[in-house]
Amino acid sequence: MDTPAAERLRLTEIFLSVQGESRSVGWPTVFVRLTGCPLRCQYCDTAYAFHGGEWWEIDTILAEVARHGARHVCVTGGEPLAQKRCLLLLEKLCDAGYEVSLETSGAIDIADVDPRVSRVVDLKTPGSKEMHRNLLENIPLLTARDQVKFVVCDRADYDWAKTMLAEHALADRCEVLFSPSQGQQSPAELAEWLLADKLPVRFQLQLHKVLWGDVAGK
Ligand code: SF4
């Protein structure tokens, strides 16, 4: 019998790599990259996931994840939550015992994500050109399991992020990540600003780009 459409997802790639970002940085991780994103951040490095992809049954995705033999799984995109059935995938990955994280743009409601998932939620800065997409209703839903990420393009972005940090007491809710936009913001300069202002946030570089450069599937 055919799998009901309700249990399929549009998928760009599944691959094993080293987690390059977030609290789980450095762990061998299986990445499940779903296809499609309603945003167009000017610095996007995964535009190849906007279109194309193939339909996969969720159970086939689980089998492919298992084949790689890692404990950590990161569901990403694109914007994975743009496909409603992503919620079912996340639940099944948690049921299977993986440490599951979700990378999401912050533009879509995260309320129904399985509570066992660690949600990495972007807050889009002015420099992204998609700031108007931030769904601020997500902020009160964040817990200590989650992380908020600012990709900083310039000093104006940094100042904006600092204001958001204070206004929403973000560091009291969850871990907060500040990351320089590659090729736009000097990492060292950002690190110096964070230290000078004594911000309670975590600086991060994209480790996978240090290791392998800006290539798909890594
Ligand atoms: S939300 Fe992520 S995938 Fe979508 S355009 Fe922005 S950076 Fe790219």
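Each Cβ is built from the backbone N, Cα and C atoms, and glycine gets one as well.
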Given TrEMBL lists Val18, Gln19, Gly20, Arg33 for substrate, the same-site residue among Thr76, Thr104: Thr76
Per TrEMBL, Tyr43, Cys44, Asp45 bind S-adenosyl-L-methionine; matching candidate in Gly69, Gly78, Gly97: Gly78
Within the predicted model, mean pLDDT of the domain 'Radical SAM core' (24-214): 96
Cβ-based neighbourhood (8 Å from the centroid) of the [4Fe-4S] cluster site, residues Cys37, Cys41, Cys44 excluded: Leu39, Arg40, Tyr43, Thr46, Ala47, Phe50, Gly78, Glu79, Ser105, Glu130
Contacting binding-site residues for ligand 1, chosen from Val18, Cys37, Cys44, Thr46, Gly78 when the Cβ sits under 6 angstroms of any of its atoms: Cys37, Cys44, Thr46, Gly78
